[in-house]
């Protein structure tokens, strides 16, 4: 398999020589997450009366769901058991989840592009529900339709997805507006994904870096090399094991192989690699430190895995911007993802903060 993390890829010398010491998380003796703003400290609260927001720059899609018994074969037509259109897209998912999980005084902004069509209005209405997400920087692009995705959902909850970029890929001007960049510079955390052009991610990552804003990049999205200039600006890189294999050109069938692939990311300049491992949980590889592993928090029933990765990433960011220890951030994210997979749809399945805390309290 050809390495594809950077374009052009960089060579490494004996990546397997670096070993990671695994430090599993332990159940905390108490839950430090609170449902009230008064009892939770923000990283930025010591220097500013208003906590800095989480800012997501990314995609907003209309997800066209079709429930099927199996995937069609080449040249075959099959009938779906049902179909519906729901709001989604990795950027919108993460923003909506952040809005639901954050304390009331922690704002969430989505910087993105939608079309001036029914799908765009669906996304605006859904994201603005309960004022969960600030939409000041969600701009309508008149010349292109809203992005959409066809989600083929099978009975076991697994899905296959085809994305049509629309405004997510073609609705941006050549340069981001100053309004967009001001929001990014004032963030407490910036979240990126790969369902928008790399040059957009690069511009906002540069603005964030210059302002001292931490950058988390979810690897989900386009199947293409990540520019070296962009990856060098990322503080936490978050792939799943399949994305990690594709982007590094290394196998990830065992935890040892995953560790070696994470080491390659360290060599390329990413100090922290947060790998989502599906049924095996997650692992945070921090250069020079012990690896932190978090098992899944089992769901009572898996209905739909769509949006689980976005829920995990957003929940981790919410906990991190509140100043929680990394192990506790992983646990909070695992609980949020467990609740997500028990509901159909991406954004509709994003859990509320109270539900996540209740689940954590129940399993202490």
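The backbone N, Cα and C atoms fix where each Cβ goes, glycine too.
Here the structure is a predicted model, which means the values were calculated and not measured.
Look at TrEMBL and you will find 310 tagged as active site, proton acceptor. Taken from TrEMBL, the feature substrate binding site applies to 61, 62, 63, 89, 90, 91, 92, 93, 195, 310. Annotated ATP binding site per TrEMBL: 240, 276, 277, 278, 279, 280, 281, 309, 310, in sequence order. Residues or ranges marked as K(+) binding site by TrEMBL: 304, 306, 340, 343, 345, 349. Annotated compositional bias 'Low complexity' per TrEMBL: 1-17, in sequence order. The region 'Disordered' annotation in TrEMBL covers 1-33.
Other than 304, 306, 340, 343, 345, 349, the residues of this chain whose Cβ falls within 8 Å of the Cβ centroid of the K(+) site are, in sequence order, 303, 305, 307, 308, 341, 342, 344, 346, 348, 350. Summary: among the binding-site residues (281, 345), the fewest other C-beta atoms within 10 A of the C-beta are counted at 281.
The shortest Cα-Cα distance from residue 306 (K(+) binding site) to any of the binding-site residues (61, 90, 195, 277, 281) is found for 90. The residue listed as 'active site, proton acceptor' and residue 281 (ATP binding site) have their C-alpha atoms 14 Å apart, to the nearest angstrom.
If you compare Cα positions, residue 343 (K(+) binding site) sits closest to 63 out of the binding-site residues 61, 63, 92, 195, 279. For the substrate site, whose binding residues are given in the record as 61, 62, 63, 89, 90, 91, 92, 93, 195, 310, the maximum C-alpha distance rounds to 16 Å. Counting only same-chain residues six or more apart in sequence, the Cβ atoms lying under 8 angstroms from the Cβ of residue 195 (substrate binding site) belong to 58, 59, 61, 89, 90, 91, 147, 163, 165, 168, 169, 220, 221, 222. Between the candidate binding-site residues, 61, 240, 279, the densest Cβ environment within 10 Å is the one around 61. Candidate recorded positions: 63, 304, 310. Fewest other C-beta atoms within 10 angstroms, 304.
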